[in-house]
Amino acid sequence: GDILDDYSRTDGVWVLTRNKQFYETNNEKECAAKCEAERNFTCRAFLFTRKKLQCLTLAENTKMTVAFTSTDTVLYEKIIYLMQCKRGIGTDYRGTEAKTQRGIPCQKWAEKIPHKPNYTPEKYPNAGLEENYCRNPDADERGPWCYTADPATRFDYCAIPECEDQCMQCNGEDYRGEVSRTESGLECQHWDVQEPHMHGFILKHYPEKDLKMNYCRNPDGELRPWCFTTNPNKRWEYCNIPRCTTPPPVPGLDSQCLSGKGEDYRGRIAITESGNACQHWNMQFPHKHGWIPDRYPCKGLEENYCRNPDGEKKPWCYTTNSNIRWEYCTIPPCDRTEQGISGMNNVPVQAPPTEECYRGKGQSYRGTASVTASGKKCQAWSSMFPHRHLKTPDRFPDADLRDNYCRNPDGDSSPWCFTTDPNTIWEYCNLKRCDDHTQE
């Protein structure tokens with residue numbers, strides 16, 4: 001792979017550092033090579049200035065020192081020194097934990113008091129025996145350890161959590177491992193190429209989804225990580241990623257009220273804003289749906305409580321009224337002040353004014369309707385679930401393909417959308433044509 005794949009990149013940042021070396025280089029890759037070859041200290045990061053083509057190798061990273069803004073600078077940090085977790089038995093663990101599992105401070109590896117060490121930085125220069133950080137220089141099966149500062153305890157193991165890039169929590173939305181084959185053994189297509197399959201998952205439009213190389217990912221809320229395949233006859237396939245044994249993260253304290261879009265809401269309101277009772281998530285009557293609690297273990301789909309598992313505007317539920325498939329719920333906001341502040345911050349991207357009708361073919365329609373003519377909920381344009389498609393915001397930048405609002409990006413006869421019903425790909429929206437005599 002690329003030498004820069006081992007680094008985390010941050011634009012416009014400088015770090016305050018004592019140990020550094022200056023080099024003249026032509027690009028970031030040459031600077032990374034200088035960092036790899038550095039012998040004056042352990043190189044944990046490097047700074048590259050684009051205009052001066054200047055390279056600074058650094059002994060410190062943002063975990064160890066202060067960072068501040070610098071316009072023309074790019075900071076590259078070695079990922080291994082940012083990780084606070086261990087992979088396998090942790091022989092490559094380079095985190096900064098410096099106490100044992102019982103809370104006893106570690107003795108510095110270079111010191112001989114209170115214990116004379118068998119493992120020293122001189123004897124094991126590649127084992128990362130710095131300061132008094134927990135390490136595993138002898139490949140102990142129980143993981144990283146250290147000599148302790150307690151004269152009565154020569155050494156003890158450290159409580160280093162397992163990295164979760166080898167397994168997945170929830171539906172694997174945060175999976176960052178390097179599996180690059182599908183469950184049937186097909187090689188994954190690189191995310192930054194459009195052959196053999198064209199797609200809208202481009203790194204610059206999904207910067208937080210880590211669409212690196214051809215690694216399996218879950219950028220669109222699928223059941224588990226997947227990838228496009230290099231087989232022209234098989235567009236995409238799931239990957240076989242094991243589920244982590246550690247429990248998934250617990251929702252925050254704000255989850256009893258509405259914060260943001262309410263994706264972490266875990267309260268017990270079970271009635272829609274028009275007064276309809278909510279249908280239980282584990283039932284398929286009166287409405288069939290794909291949000292089955294066992295498939296989505298971290299979405300909080302308990303009982304019939306209002307939830308927001310798909311990034312909607314706010315929590316919603318299917319209703320027990322057979323004529324109304326779903327509706328939003330009214331959830332009290334967590335904090336009036338927070339709502340006010342977030343409102344101020346979001347001024348440039350306000351929701352468009354409500355429009356109840358469209359003119360012509362509706363290509364200029366910018367309302368917030370998101371229900372089809374038969375009452376089905378619209379799928380978000382940036383989502384590929386339950387339907388994969390090419391009508392993405394980056395392909396149609398002028399069509400305002402925001403959220404899951406009804407639009408007409410392709411000159412159809414009226415606004416439409418893909419639906420969240422797996423059995424219905426798309427439908428026209430529940431909108432009327434404006435009266436031609438209405439004043440613009």
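Each Cβ is built from the backbone N, Cα and C atoms, and glycine gets one as well.
Whatever TrEMBL says is automated annotation, not expert-curated.
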Per TrEMBL, the disulfide partner of Cys188, chosen from Cys146, Cys158, Cys227: Cys227
Whichever of Cys239, Cys317, Cys329 is disulfide-bonded to Cys278 when TrEMBL is consulted: Cys317
Bond partner of Cys329 - disulfide, per TrEMBL - picked from Cys306, Cys357: Cys306
Cysteine paired with Cys167, where TrEMBL records a disulfide bond, from Cys85, Cys244, Cys257: Cys244
Cross-link partner of Cys434 (disulfide, per TrEMBL) out of Cys357, Cys378, Cys406: Cys357
Cys434 (disulfide bond): tally of other CB atoms within 10 A of its CB: 16
Winner by Cβ contact number (other Cβ atoms within 10 Å) across the disulfide-bonded residues Cys188, Cys278, Cys406: Cys406
Candidate nearest Cys334 (disulfide bond) in space, where candidates are the disulfide-bonded residues Cys188, Cys239, Cys278, Cys306, Cys434 and distance is Cα-Cα: Cys306
Cα-Cα distance linking Cys239 (disulfide bond) and Cys429 (disulfide bond), given in Å to the nearest integer: 35
Rounded mean pLDDT for the residues that make up the domain 'Kringle' (84-163): 91
Separation of alpha carbons, Cys357 (disulfide bond) and Cys244 (disulfide bond) (Å): 49
Listed disulfide-bonded residues Cys227, Cys329, Cys378, Cys417, Cys434, filtered to Cα within 10 Å of Cys317 (disulfide bond): Cys329
